[in-house]
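Database features, via TrEMBL:
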type    : residues       : note
BINDING : SER54, TYR123  : Fe-coproporphyrin III binding site
BINDING : HIS183, GLU269 : Fe(2+) binding site
Amino acid sequence: MTGSYDAVLLLSFGGPEGPDDVMPFLENVVRGRGVPAARLAEVAEHYQHFGGVSPINEQNRELLAALGKEFAAHGIDLPLYWGNRNWHPLLADTLRQMRADGVRRALAFATSAYSSYSSCRQYRDDIATAQREVGPDAPEVEKLRHFYDHPGFVGPHVDAVKAALGSLDPARRGTTRIVFTAHSVPMSMDASSGPDGGLYSAQLTTVAGLVSAAAAPDLAWDLVWQSRSGPPQVPWLEPDVNDHLRAIAGEGVTDAVVSPIGFVSDHLEVIWDLDNEAKQTAGELGLGFARAATPGTDPRFVGMVRELVTERLYASSSQRRLAPWEASGPSCLPGCCPAPARRPAPAGH
Ligand SMILES: CC1=C(CCC(=O)O)c2cc3nc(cc4[nH]c(cc5[nH]c(cc1n2)c(C)c5CCC(=O)O)c(CCC(=O)O)c4C)C(CCC(=O)O)=C3C
Ligand SMILES: [Fe+2]
């Protein structure tokens, strides 16, 4: 018995799969967001270092394969679909396929753990836009709840921090710092996330505290930001991870474990902005550097998705959560996380 849902949809960001995809993909990402052309050219170059192929699509294919096995092993007989916000397979095409297959009502897992416009409500807007494009008989799609504090997400981050620490010189543990990172967002986007505002940075602070307490309670940690985009005159969350590494090197820190708790897989922001840029910054400073892995297809993470699905199939009231004091409803709460104002790209850049 699988309740009243007849499919599960993996909802993700999407990424280019070849050199010619890069610019059209980036234009989809930043449409109406006022990101300067110079920033886009810089990011395009990051993708071109990898032959214009983002790792995110392959990671989603691997996640789908793992979910297929997980569902089969637990007797969940629902077909899996995959649709993206910014690149093929695009969500509207996936909804069309679902409709053709007779799907009426699907549950959606978005590859984004936290609350904010970009990481939550925008996915709901994407669903609504795609449904409008497909027409009145488009499938219904319900987003699963937030999972930032689920043990299936936090647990893999804990083990990854332990493993990264294990690769550093134990003699310098006393001067080792854990540096948690997440995607920076405009300060106004953080301020409007959640019913009372600030929920994006608050959830990240919660997870940083949970991971550090379980992985290395003896070490100091910080939460900093990476991958800033947008026009320079708009304030985004700071400090940037590179500036932060400079600051802590000046305080006598000798080694840093960088743990990207803001992400679920090692996509381009992780392998470029951390494994390349931040690592280089650390090298220039003479700081030991170890980047902790993201959940990817860790069996606990895959099991978490299955659990989130069964919570809804059986209307279960038991939810595994490590921060039960915080609200994390099934979806973005009414009135929360409004879309930022649309702005044109600045002229002359
Ligand atoms: C909060 C957040 C997450 C985490 C939650 C989640 O995972 O959803 C995230 C993830 C990702 N961001 C990604 C890529 C990009 N994000 C950009 C731009 C932006 N990100 C923003 C926020 C976030 N982004 C924002 C507020 C912007 C400004 C434009 C706008 O207001 O929308 C740009 C434009 C160029 C630039 O960076 O300037 C790119 C290319 C990829 C794919 C990587 C790959 O290909 O492997 C992933 C997973
Ligand atoms: Fe982004």
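Just so it is clear, glycine is given a Cβ too, placed from its N, Cα and C backbone atoms.
Unlike curated entries, TrEMBL annotations are predicted automatically.
A sphere of 10 angstroms centred on the C-beta of SER54 (Fe-coproporphyrin III binding site) encloses 25 other C-beta atoms.
Under DSSP, HIS183 (Fe(2+) binding site) is assigned to a strand (E or B) in the three-state scheme.
Cβ neighbours within 10 Å of GLU269 (Fe(2+) binding site), excluding its own Cβ and spanning all shown chains: 21. On a Cα basis, HIS183 (Fe(2+) binding site) lies 16 Å away from TYR123 (Fe-coproporphyrin III binding site).
In this structure the C-alpha atoms belonging to SER54 (Fe-coproporphyrin III binding site) and HIS183 (Fe(2+) binding site) are separated by 17 Å. Sequence-distant contacts (6 or more apart, same chain, Cβ under 8 Å) of HIS183 (Fe(2+) binding site) comprise SER118, SER119, TRP225, GLN226, SER227, GLY262, PHE263, GLU269.
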